[in-house]
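The next block holds one structure in the form of structure tokens; read it before the comments.
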């Protein structure tokens, strides 16, 4: 094959690799969600201890992150002072622990399909909190789109066959804490030039989460676990569940590193629809036509929001390229003038 053929082969390999990363991420994300539901649901494995499950994940993930960074040196740790850690990482760790605790708790009360529908509110929460914290500028067009997403989720909630108020409150709380965490990452870390990939995030944040979760665990779940004499720690169940949770973080690292965050958003939409289909067909959760209509409306709003973000990123990149081109042209002109001035000086000396 010629040069063009070799180039085509390279492009095809890159596309296939990207699709492979997407498929791995969807599979692992799907597996972790269904596995957590299986463990926590009283009708399945019947182990309704979301704080303990989250702590097991955090202990396992932080241990492996330390091994990957300190022993195998797969990624370099970020240089961070104690003051920066306390001011920036600790608040993010607190929010992350609350988000995981509440989202895992919701699996006890709500179906997998309905939880995915409620998660469609994430862009609404991120944008609203971003505006409140002056990280995002208020735009009436964007806010109208956010309202359409909220309206779609409200319709889906109205059509939910097994609506549980407490479960909905837990999931909405998880969305609010997660959205605040995402905005604070931009304010406290990204703005300071600190970029954490999923592995370094676990290295710094997971131990912090473990500490924050320990205090509610002592009062909420530990007394019940002590009374449950029949309970024995199943290393196969909790071990494989923790491995899946850590593998998911590695998959995020690969997906964002080799493709883009937008690809992950699109893959997330595919995963949500697959989970809804799985919840309905395998777990036998009830999915009503009103559920699907409401979620479909919210889905269109989220898709439009992602499209607008992509266009904004493209415009920003194009502007950067124009600025770089102008700077290069100005540099060339300056070099030419300096060369001309040097030539004139040489002529005068001669």
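Yeah, the Cβs are placed from backbone N, Cα and C, and that goes for glycine too.
Of the given residue ranges 112-132, 322-342, Swiss-Prot assigns the label transmembrane segment to 112-132. By the Cβ criterion (under 8 Å, sequence separation of 6 or more), the transmembrane segment (89-109) is in contact with the transmembrane segment (205-225), since 3+ such pairs are found. Between the transmembrane segment (205-225) and the listed ranges 49-69, 112-132, 146-166, 286-306, the one holding the most Cβ pairs under 8 Å is 49-69. With Cβ pairs under 8 Å as the measure, the transmembrane segment (286-306) is packed most heavily against 146-166, out of 49-69, 112-132, 146-166, 235-255.
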